[in-house]
Amino acid sequence: MSPTPALFSLPEARTRFTKSTREALNNKNIKPLLTAFSQLPGSENEKKCTLDQAFRGVLEEEIINHSACENVLAIISLAIGGVTESVCTASTPFVLLGDVLDCLPLDQCDTIFTFVEKNVATWKSNTFYSAGKNYLLRMCNDLLRRLSKSQNTVFCGRIQLFLARLFPLSEKSGLNLQSQFNLENVTVFNTNEQESTLGQKHTEDREEGMDVEEGEMGDDEAPTTCSIPIDYNLYRKFWSLQDYFRNPVQCYEKISWKTFLKYSEEVLAVFKSYKLDDTQASRKKMEELKTGGEHVYFAKFLTSEKLMDLQLSDSNFRRHILLQYLILFQYLKGQVKFKSSNYVLTDEQSLWIEDTTKSVYQLLSENPPDGERFSKMVEHILNTEENWNSWKNEGCPSFVKERASDTKPTRVVRKRAAPEDFLGKGPNKKILIGNEELTRLWNLCPDNMEACKSETREYMPTLEEFFEEAIEQADPENMVESEYKAVNNSNYGWRALRLLARRSPHFFQPTNQQFKSLPEYLENMVIKLAKELPPPSEEIKTGEDEDEEDNDALLKENESPDVRRDKPITGEQIESFANKLGEQWKILAPYLEIKDSDIRQIECDSEDMKMRAKQLLVAWQDQEGVHATTDNLISALNKSGLSDLAESLTNDTETNS
């Protein structure tokens, strides 16, 4: 009999793996682990899970014994090697990192995180990325919660940069898709006027002056203030603006907007009245900039009343405030997908924002040093930001295009377009000619024979119109000499014969008279027609009278309902018809040739059905231009099955005419 295979024993396997892990750490070689893994009985999953437990057990002992960070990192490096050799699960190194960062103090976490930063290429590899990205994100967020934003600024920045390097640009977890604001960023300042020392400070400065004490800046280093008169009201209004920069949606509220408008005008007036010169900048700061010295600053404002005068005299501080204005204005004017439909600026607000934006750019250009260059750079960056805003509104599609599965590119054979490929492909089964105007003309009447039979294509004049002049000349009372009569004109005679053949029965009736020439024959026909047709006017019309009659006829045509309906649709008509269209706007949209992307944009912009209907009609008007007429709109309504609305629009048009 064959011997029975050995069964897997968890305690024995764990002891063996723990011993092998210690040996591998001492030798700095993974071979002991590989040997133990191959010799132990059991399935691969059982051995992997046991080795994962062994790693965590060894790491726990090192943390309890307060071992150096190098020993801890050696265990994690060994686990990375184990994943590469397929002897432990891919999530093991990340679990170990999480355990270490949870147990060690912040100063040692800095060393551990340096190791994490150096191995970013490892984390992004196919072996580790899918299994570890959520662990790393959770680990970094937990670490950020432990860190102080004011004392550990650099460490927090390193974590954010690491996440930016680890995840692709289109990663949803870091995009703030719903455009939320950091409402926790509250700027605290003195709101009790009784505790303010601004008035006392300025009084003492005027009477006694300010002495330079030991430890303060000397004459060479102290920036000269711009002598801005600061009181508590200016201090309070200035720092109150930070709440609007923190939460811009307050500007859509009527009362809050008035407060923001008032405070902003006062603060910007102070910036305009008290401008800074290059000489007011700190000499020490200027020397550091010239020599390439490191310029370190902290983004959180200091709101002490004692610093207000120095802050307003600081060019960098002014730039911060003016930049906040520009960012706020860009949000208020921009199209944000998740912005509520109620958040709409009035014309007055839009005009004020436009004027104030110009003033802010002007203040930036006048602010030293290199104000003009800085202003242009900021304007360029904010213009570029519009592209990112559009990308975000579209759902942040990935910039990376996936390769086709076939390695060999197949040759694309261009098929010659058949008539069926471009005839009747539009939403209204339109024939696409390739030009907007030609397409419109071609589709006025799809049936060519019916178009030829249309009354509008009847160019042949009536007998009365054509022979009116000849009948007047044939009247003896008018005394027109024979040589000046129209019947003597050969061109007129040729056209007269063709018209008589089409419209007069006398042309085919036999006659006993013998005519020597065409003028004589036409003279005889004119006399016959004069007896049958209504009598002409008593006076021979002059050229001016004919022009006046033509103008009157043209005016009458313009006053006719058909011509009125051929005029472009007005804003009042759009407003009135949108209320009737309502929820049926989406049925009409394809028949107005509105693109699917525009329809989706209309749905995102507003939840009100009447507003969506109005936006649809406005988009159609912008698309068609002068061809956006009520007649074309009625035609589209009939084709879409909305005949009731088409009849209502027809009645409204005739009533208004």
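Cβ coordinates come from backbone N, Cα and C, glycine included.
Positions annotated as SUMO2 cross-link by Swiss-Prot, on the basis of similarity to another entry: Lys31 (among others). DSSP assigns Lys31 (SUMO2 cross-link) to a helix in the three-state reduction. Its Cβ taken as reference, Lys31 (SUMO2 cross-link) is surrounded by 12 other Cβ atoms within 10 Å in the chains shown.
Taken from Swiss-Prot, the feature SUMO2 cross-link applies to Lys408 (among others), supported by similarity to another entry.
The SUMO2 cross-link annotation in Swiss-Prot covers Lys580 (among others), and the record cites similarity to another entry as its basis. For Lys580 (SUMO2 cross-link), the same-chain residues lying six or more positions away in sequence with a CB closer than 8 A to its CB are Leu645, Ser648. Taken residue by residue with DSSP, Lys580 (SUMO2 cross-link) is part of a helix.
Packing around Lys595 (SUMO2 cross-link) is summarised by its Cβ count: 12 other Cβ atoms lie within 10 angstroms of its Cβ, all protein chains included. Here Swiss-Prot flags Lys595 (among others) as SUMO2 cross-link, drawing on similarity to another entry.
Marked as domain 'Death' by Swiss-Prot: 570-653.
Annotation comment: Swiss-Prot describes Met1 as N-acetylmethionine.
Sequence-remote contacts of a segment are chain residues at least 6 beyond its ends whose Cβ falls under 8 Å from one of its Cβ atoms, and for the region 'Dock domain' (133-167) they are 91, 94-95, 97-98, 101-102, 106, 109-110, 113, 116-117, 120, 123-124, 173-174, 298, 300. Sequence annotations record features per position, and here Swiss-Prot assigns region 'Dock domain' to 133-167 (among others).
Per Swiss-Prot, the feature region 'Disordered' maps to 194-221 (among others).
For 227-397 (among others), the entry in Swiss-Prot reads region 'Dock domain', with the evidence type similarity to another entry.
Residues annotated as region 'Disordered' in Swiss-Prot: 533-569 (among others).
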